[in-house]
């Protein structure tokens, strides 16, 4: 089906034979097309009209869209959308479609791009600039409210920097550190089993179960060829294995894993709260006589001045972005509550091993869940194993 070719690649799919860096076959998107193109090359026949030339294919492959659209097109499109409400509806409904198209295009080629990170940072800075230059001079915003918005901006950038420090990449030394930790823990387990055998048979059974969990074998990544811990996954975009891989986030141009999952959730929460508060202040300033939800849909006289029309259009733009990130935040909270990662949910859907809960917002695999409270405790207390390997004997010591 055509839709299957537009889906983002699964994290641990085996590498296809047509995934190579030979630009002559760059027009091929599956093995059948590759075989057909190779047969045509052997028979010295021209390629089909649907395939691109090698030069054009190489240019498209190496085309990187990052700074220019965000710095030039975004303010231009928002100002054009502020000219008339029909233009605003057209542009604000077209922009998400273009972003989604570029999202699927980059995921199909399994490439990293700075476009979404640049767009997010520039949108955040541009909205704050308009708030300070257009809304603040109107006199409807107090100093405390300005400080609240500024604090939210600073916290968002700070948590984003913390998230960008790394998701916790699996290295070869991680297995050595884990094996050394297991050797130390096994001695404690053996001693505990011997002492517990004389006192209680039930305690010995629990200790033997814990010892079995310590000796759980890691799996070998089919791409990296290194041993990785349970729940780790290989990201085809970043080209490395990540501990407790959740997903590859295009908005931060990095993976979300064990080392940065908490800071990623904090970034989403602070941004959504700050954006909702900023939108409220803008609408209350532009339409003081309207209710908040009513002002977002109908604000009479807002297009009488170019400045107010631009601020109203930017409020709608911020609302669209905030709505998308709010959905992502809800999904993340539900996944943490069921102790399942986004990667595990996708694999469970593909293998039909999970159960859909809450109208399809979360996929419950039932493999790691230990209850709502324990799932959140595990999430909030997990550490990067490459920095300090966690001991599995916390209940015994």
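We number each residue from 1, going along the chain as drawn.
Backbone N, Cα and C atoms are what each Cβ position is placed from, and that goes for glycine too.
If you take every residue in the domain 'Palmitoyltransferase DHHC' (219-345) and average the pLDDT, you get 91. Taken from TrEMBL, the feature domain 'Palmitoyltransferase DHHC' applies to 219-345.
The transmembrane segment annotation in TrEMBL covers 83-104 (among others).
Per TrEMBL, transmembrane segment is recorded for 113-131 (among others).
Residues 124, 127, 131, 135, 140-141, 145, 148-149, 152-153, 155-156, 159-160, 162-163, 249, 252, 256, 290, 292, 295-296, 299, 311-312, 314-315, 318-319, 321-322, 325-326, 328-329, 332-333, 336 of the same chain lie 6 or more positions beyond the ends of the transmembrane segment (264-283) yet place their CB under 8 Å from a CB of it. If you look up TrEMBL, you'll see 264-283 (among others) marked as transmembrane segment.
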- Item | the domain 'Palmitoyltransferase DHHC' (219-345): DSSP-derived helix, strand, coil residue counts | 71 helix, 16 strand, 40 coil
